[in-house]
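The domain 'TXNDC16 N-terminal' feature in TrEMBL is assigned to B:1-101. Among the features that TrEMBL reports, domain 'TXNDC16 second thioredoxin-like' is placed at B:102-223. Marked as domain 'TXNDC16 third thioredoxin-like' by TrEMBL: B:224-315. If you look up TrEMBL, you'll see B:328-355, B:742-805 marked as region 'Disordered'. Per TrEMBL, the feature compositional bias 'Acidic residues' maps to B:331-343. Under the heading domain 'Thioredoxin', TrEMBL lists B:372-472. If you look up TrEMBL, you'll see B:746-756, B:764-777 marked as compositional bias 'Basic and acidic residues'.
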Amino acid sequence: LGLALYASSLCAASGAAFLYHDYCVIGAGPSGLQAAYFLQRAGRDYVVFERSHAPGSFFALYPRHRKLISINKRYTGKSNSEFNLRHDWNSLLSHDRRLLFRRYSRDFFPDANAMVRYLEDFASLLKLRVQYNTAIIHVTLERDGQAWNGHYFLLTDQDRQNYKCSSLLVATGTWVPNVVNFPGSEYVEGYETVSINPEDFAGQTVLILGRGNSAFETAENILGVTNFIHMVSRSRVRLSWATHYVGDLRAINNGLLDTYQLKSLDGLLEGDLEDLAIVKDKKGKLHITLRFYLENRNTSAGIDSVTLPQDELDNFATRAPYDRVIRCLGWKFDFSIYNRSLRMMPGKGNKKKYPQIKPSYESRSTRGLFVLGTASHSVDFRKSAGGFIHGFRYTTRAVHRLLENRHHGVPWPSTVHPITQLTNSIIKRVNEASGLYQMFSILADIILLRENATAFEYLEEYPVGVLAELETQTGRKAPNGLFVVIMEYGRNFSGADKDVFYYNRAVGEAQHAWQSNFLHPVIYYYKRLPTEREMRLRPPGWPLPRPDAIHHVVEDFLTDWTAPNAHILPLRRFLENCLSTDLRSFFAESCFLFAFTRQKLPPFCRQGYVRMQGLVGSEGLRRHAVEAGLLEDYTLTDFSGDRPPDSREGSQDQLLRDHAIPVRPLQHLVNAKDE
Amino acid sequence: ELSPQEYFSSLQAGRASLAYFSHNVSPGAQPFLEQIENSAEALQDYGISVVKVNCPKEDVSRYCGKENALRKAYLFRGNMLIREFPTDALFDVNSIVANVLFALLFNEVKYVETLADLQNIENALKGRSNMVFAYVPATGTAEHRAVMEAAFAYGTVHQFVLTTEATLLKDTGNDESDVSSARLLFCHCQQATDLAEPCRRTAMGQTLTMLNIHRHLKLMGAPLVTEVAEDPEKVSTVHLQLGLPLVFILSQKETYEADRRTAEFVAWQLLGKAGVALLSRDLVDLNILLRSNVALKTPEEGVPIKYLVLEDTDEVITLVEDKNKIKQIQEDEEEDEEDEDEKENNNQDIQDDQVVEAVSRDKKRELPLEQILVLTEETFHSALLETARTVVLFYASWEAVSLAVLRSYTEVADHLKGTWGVLLSRVDCWDWPGVCTKENVTQLPTIKIYEKGERSVVYDGMWGTEELTSFIMLSRVSCPLKLATIDEAEGYLRGEFPSELSSYHHTSLLGVFSTATSEAREAFEEAGNILSGHVTMGMYFGDDALALSRKYAVSPPALLLARSGGRSVEGIALSKQSAQDMVRMIRYESLDIFPEITVQNLPRYLQFGKPFLILFSDGDISQMESKEMLKLAKGRPQQAFVACWLNLRKTPVGRGVLKAYFATMPSLPVLVWVNLHAGGQVFKFPSEQSITERNILSWLEKLKAGLEIPSSTLSEEDWKPPLPAYDFLQMMETAVPELPLHTSHRRGDTPERHPPESPGGDTAVREEPSQETKAEKVGSPGRDLRGTAPRLAAREKQGKRHSKL
């Protein structure tokens, strides 16, 4: 507050009327509201600017055909609320159980209006501070050594009202339509305005530019009434079930693939749109030709003088004229409102629609400016879910936690557990955590070991790209090594050209877990925190540098990693070998024996039995352990000392090692899922 | 190199020589000459000289004259020509040595082509000498040479028979063998008596090399069964020298004949794989179990002999053959990593956690959970308000330790069935993580006891049925309990009041206060809150407080401590103690002076970090011992050690302790001193002395003075991982060799799509387009949309891009 007052007074002195807030959020879409929620819960001074009169204005218009392609799975057979978020792609994170999307729609692919209603409720029920009808039209910096980041952000709205903030969270999404310019592009209709009434397309021949979900969504809508639809784009169609990327073409929209492959007149073509040209004939039909044919032409001549490809090549594919050409090329970030001093630069290559940011979601050039939501997707474009609600709700939380630590001295939330709970903690998280699951390869749980590995500290969902900066970003110390728990797909499994249904695609045996293809937990062990250099030089395709040891938990058909022998046992062995200790659990009786026969006790006995929390166990369990050869039964009356003398010391341990009865995995069942 | 005259004059009777005649230049014979020169040294070993005879040009004698004679080599013994070889039969050193020896050892090595020939030879040999029968797929091979070389050495001892007929090999009963590889059988014809039966055969398992044949024949020549009458550790036989194990059949006078037969039977089975010795126990003083009947000595140095109890001869054979198998695997390991994997995995994927394994073996049994209420996020809070006391077990349905506790918990539920005011319930944290987080459950399992609308207590005792039941019952009674009358107070000390607790063994504490001493009373009440469930505490501040405390020789404020149902009551004066001090004092005072140590109560005594003086007893200890030990324990107020006793009937694992201390079970009772926390030495009180306070004290003095030798010392070993983990990192590196490299450029990446990135560029995201580019460029012809404008243009553009490169 002191700072705020100070800042306000400063503003007044300089003559301009600034309204000051610690945090300014631009955009009251899903990510802006998500950020507002966390700021509100933390009691921070913030405001959200929204140019429309209501939140989520993008969803009021888009998708044009109103069907969201993010799943709203209302039933999972489980009550675990964290787990259920794995299959709820629309809800934002909050403590309020009313704000679960399944209360807003019964549809698996809900109507976009449900999202609008949901966002309205989210803002109002949680009393988020959103200033509507405020369009920020300019953002600039004011240098000030006193400011959190060495500068303040000065925002100007459409009414020339100025605002001043210490930290700027950009949650504007990508809403500027991508357009291409080529001769004849004036005949092209945009996705934003094209009619959505199929009647308007009856008996027409349509060319769609673009190969994304909006293009297919448009095609799907008019498929039944058109003569035929052709689609053109530079890249081949990428199917999301083949790439594991939800931004690629979803099966729900791919009706046109069906009719193309079944030769029902519709079709797909590849080619660069910039080489294209469209000419309109006298009847108003649109013909496709090539830009370089036009370049050689006398512009004054009419349509008849234009060379069409079919003049030279009489089986040219798109020789039939079109009635309409529709552009469905997606959106890009609005770079226009930022002063040059902020240096908001577009990304490279296929990421040019997003601003350049670091893996911490902070702008590459302006400290204190964070990009949230869809616009932050450059971090994991075509990889993970950071461009979608079910992904950025977690990255937004991560950004909030980074800010809490940076500006308010609130370290990253963590819990401390005794080392005996290590295996359990990991198993619990990999089975239920939704952030790890959705933001696979991007967000990771971090386990910081305490001295002598007797305890550990658990941090959830840290952006793994800034692992090297962990200590400064979280306020937690990592002097004794760490584990990084992350989820990954198999490295060579998915991709545009791969067959994701090949036989034996699923690995069933724990010993081959590293070859798992489907999403599965991976645990990296580092004896010390990787440096930034090591992060930079990490192997290609790896989210992290080479660890000191790595463990893959074998993929599971049910994504249920709680099998004692296939999942937990190999994980325990991995942890034991990293920590150089024995993490088995023991009945009180075994601890009693160890207490009298060994100078040292295993951690389970030390942290349980010795502290009077021994696991006595029921008689039935004791008998099972004896039958398994893992516990010696001394009640036998016949005791003639017939063991060889060498098994004297640590005989129990010997017993544990030698007498295990092999339990062969049922391999045919394990692999049955491939059939 | 000699001239013909020189050569023929140099020939000595009985000496063999191989000669090759040539005119000076004969280019075609050059490679042959090389081979023959190379074989000179090998043949030298067999006393055969190799000579190149230079024919003068004009010579037209027998060997130099004819043109085709020059394409041959001649073998002479003395000056007698034995054989002439066409040079193409002598293509390398093996063929030269094999053929030359074959010719020379005409009598020693019989070549047979039919089964009848073989049988004739065999029959002729019966009772006289043994036969070595070899099959080689072709003559002139390395195997053929090996057989011939062996025949050179052993030809006088055994009759060698050679064949190249595959059918013969099959007829001799080697159906399974592959005719493309050579075989060698040792036929034991010397002992054969039955003319009708073929001789017993022992096939050689290894490939035919000179060394292997030599080894095999040596083994065949060794006595079938060696009789031994010395320490087996000192015995050495040809088998051990050749790297094979030696099996001892342990024999006794009474069973000698049978044992001898057994030994011979086993020896025949193991011939070539292991030696067999017959060891008479009567003649050797062996410190081994009477039951042992077989011993195995392996050729490796320093490996002790294993004594075993085996049921039948098959087991003996498996013992040796498996040993060989294991060895084989070990040998193959370096070549074959899969095998290694397999071998390691045999252990790695076997559950070695006793709790996890016990729980998974029990998982099919349906637990009697009717008495335990399932709570959910919705019902949790309302349920807590319904009953005076709600016990909640927080667990996870996949976590073994909490499932083990759930089993005990069902037993608790059974004990407490119908107890008024107590509700047993459970929350599965896998289903309701929100509840568990809110209730601050950071460990699984956790048990909390909620008092209606008030506080909750975390259970911190043993996860046993008895302990938990007692805790729940004791915590039902307010702690401390206000006693209204002197009768109640006395009844309380006797353990009769409150009546619902009379069946639970516990120590009762009674605080006696005069009304004035409120400070001590407050501390006492606070201590009661902390200790609730573990002890029972009563409080009396009635009119007779003074009288009551006087009875136990203290004055208020005072603490009366009643052990074992009020049979002994101790009075302790209270001074100005804080609640924490009082808790500590009560915990300490409620410990027994000379306790019977059990699995459940050991931790309470362990915490002092003192040595233990334990009397192990099979059943109850005698009154005498008890009295003496009690005297000893009481007599040392500073308690330098924990004196206790252990009932092996009640705590059978004590036998495990004794087993670890002493190789054999000592006679009971036995008194042991263990420095658990310092050095880990174990001392045994001399069994000839009687257990009296005086004897023990003087023994302890001697211990302190270092005059006694410890029976054993506890292992100081750390608890290391029981087994290695899967080394995925290594597997990945083997499969993807570029992994450890610090990458700068990716293979096959397309630079035109990726202009040099700024330092710190996002390497993780950059790879994917490369595949795409490739796919587009290559564009398989079958799929090509021939003649589309886009495709045409793309081709155009590509050309441009390449020119830029």
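Glycine too: its Cβ is placed from the backbone N, Cα and C atoms.
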Counts of helix, strand and coil residues, the domain 'TXNDC16 N-terminal' (B:1-101), according to DSSP: 45 helix, 28 strand, 28 coil
DSSP residue counts for the domain 'TXNDC16 third thioredoxin-like' (B:224-315), split into helix, strand and coil: 25 helix, 23 strand, 44 coil
Number of helical, extended and coil residues in the domain 'TXNDC16 second thioredoxin-like' (B:102-223), per DSSP: 45 helix, 23 strand, 54 coil
Secondary structure content of the domain 'Thioredoxin' (B:372-472), with strand meaning DSSP E or B: 37 helix, 25 strand, 39 coil
Local confidence of the prediction over the domain 'Thioredoxin' (B:372-472), expressed as mean pLDDT: 91
